[in-house]
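As annotated by TrEMBL, disulfide bond applies to 73-105. The alpha-D-glucoside binding site feature in TrEMBL is assigned to 77, 79, 96, 103, 285. Look at TrEMBL and you will find 179-202, 319-339, 355-374 tagged as compositional bias 'Basic and acidic residues'. Here TrEMBL flags 179-204, 312-339, 354-374 as region 'Disordered'.
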């Protein structure tokens, strides 16, 4: 694999990949993949293949990701590059065509990236696609068709689909608001209004802070050093904040005004959004706080059916045994912890008995001495 993959040299301290199947697996040989091995590192590695264009063809990008370390922050995505990429200087600034795959960071970011480059600008998908976070191997598939539709699959099941033009902001909108039309002045779109019958109570206005007259001047207070002593100010328990009248439903509410739409003069259709020339490199350009992710079963093809079958023959055949091995390891670990705990309490119990015996002997000796003294 070292011959097929080239490590970037753009930074001296990039993380290193190794070939591994992980701590648990479905098959010790078939499940070997590229594994990140160092915590809190950037990783950059790529593999080159014969250049091709997907013009007029379906493009399928597929691979497996296994976050067996239960990753808390780090990327698991791949990037597709043109043939002119300088692989030895691959970095986050390198121009790419497509970025696809899971990204996890904390409790908020657990998504699948779908980013396509159009006119030298990356355009992310507007849909939220949640990735898998359970620590097992998962199959990720992106399908881009010549009719400019796409599909995202996880574990050979569709999780998102749509039209590229609709779901990514490649082009200006087809329709815009008519700039010659203004909302009528008598159009009331306020859902709620102030209740005109609600009157502010007379005792409402209280200052937020009051002088604490119960405080006493410290004995060591020096006016020459600290200035003239004054009573401190404290929060007023009677302060109720700024008064606002309660809200009621607006009887004159007419809803949101429907701004008339017209065709956008700046819009021009582009039926080649989906296509790229000289597709030639797949790479991993990621950051990981906790290492251990395994990448495997990379596939780029124009055949959706073949990709699905390939996924079933690789990930599909080892996913069950992988889970079984992980469950078995967890059960064995629990049993070891139980035996360790039992042994610990058994030793404590023995020591307790020994201390009781010793304390009993000491009492007998002390009683004998007391009798002799008496």
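Note that Cβ sites are derived from N, Cα and C of the backbone, with glycine treated the same way.
Structural mapping of features recorded in TrEMBL.
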residue : record                         : Cβ neighbours (10 Å)
73      : disulfide bond                 : 14
77      : alpha-D-glucoside binding site : 22
79      : alpha-D-glucoside binding site : 28
96      : alpha-D-glucoside binding site : 20
103     : alpha-D-glucoside binding site : 19
105     : disulfide bond                 : 15
285     : alpha-D-glucoside binding site : 23
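Each residue in the region 'Disordered' (179-204) gets a DSSP state, and the totals come to 0 helix, 3 strand, 23 coil. Under DSSP, residues within the region 'Disordered' (312-339) fall into helix, strand and coil as 27 helix, 0 strand, 1 coil. Across the annotated binding residues for alpha-D-glucoside (77, 79, 96, 103, 285), the two most widely spaced Cα atoms sit 17 Å apart. Taking 79, 96, 103, 285 as the binding-site residues under consideration, the smallest Cα distance to residue 73 (disulfide bond) is found for 103. Listed in sequence order, the residues 75, 78, 99, 100, 101, 113, 115, 283, 284, 286 complete the 8 Å Cβ shell around the alpha-D-glucoside site centroid, once 77, 79, 96, 103, 285 themselves are left out. In this structure, the C-alpha atom of residue 79 (alpha-D-glucoside binding site) lies 19 angstrom from that of residue 105 (disulfide bond).
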